[in-house]
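Asker: I'd like to ask some things about the structure below.
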């Protein structure tokens, strides 16, 4: 789910967010971005 993406995906502060994108899409979201080292999923 959304929280599992945030927990397990580490990323640069404003950098690469490929992990977030993939994880969020698998969780049923449109994608994700990186915000202060955490993944934020787009609903």
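From the backbone N, Cα and C atoms, a Cβ is placed for every residue, glycine too.
What you are looking at is a predicted structure, and each value in this text was computed from that prediction instead of being measured.
Okay, these came from Swiss-Prot:
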type	residues	note
DISULFID	5-23	disulfide bond
DISULFID	11-34	disulfide bond
DISULFID	20-39	disulfide bond
DISULFID	24-41	disulfide bond
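A description of the local structural setting of each listed feature is requested, covering burial, neighbours and distances.
Answerer: Neighbour density for residue 23 (disulfide bond): within 10 A of its CB lie 22 other CB atoms from the protein chains shown. DSSP assigns residue 23 (disulfide bond) to a helical segment in the three-state reduction.
DSSP gives residue 34 (disulfide bond) a strand state.
Within 10 Å of the C-beta of residue 41 (disulfide bond) there are 22 other C-beta atoms, taking all protein chains into account.
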Asker: Check the Cα distances from residue 34 (disulfide bond) to each of the disulfide-bonded residues 5, 23, 24, 41 and keep only the ones within 10 Å.
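Answerer: 41, listed in sequence order.
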Asker: Any idea what DSSP makes of residue 39 (disulfide bond), helix, strand or coil?
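Answerer: Once the DSSP labels are grouped into three classes, residue 39 (disulfide bond) ends up as strand.
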Asker: Report, in whole Å, the straight Cα-to-Cα distance of residue 5 (disulfide bond) from residue 39 (disulfide bond).
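Answerer: Residue 39 (disulfide bond) and residue 5 (disulfide bond) have their Cα atoms 7 Å apart.
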Asker: Whole-number answer please: how many Å between the C-alpha atoms of residue 23 (disulfide bond) and residue 41 (disulfide bond)?
Answerer: 9
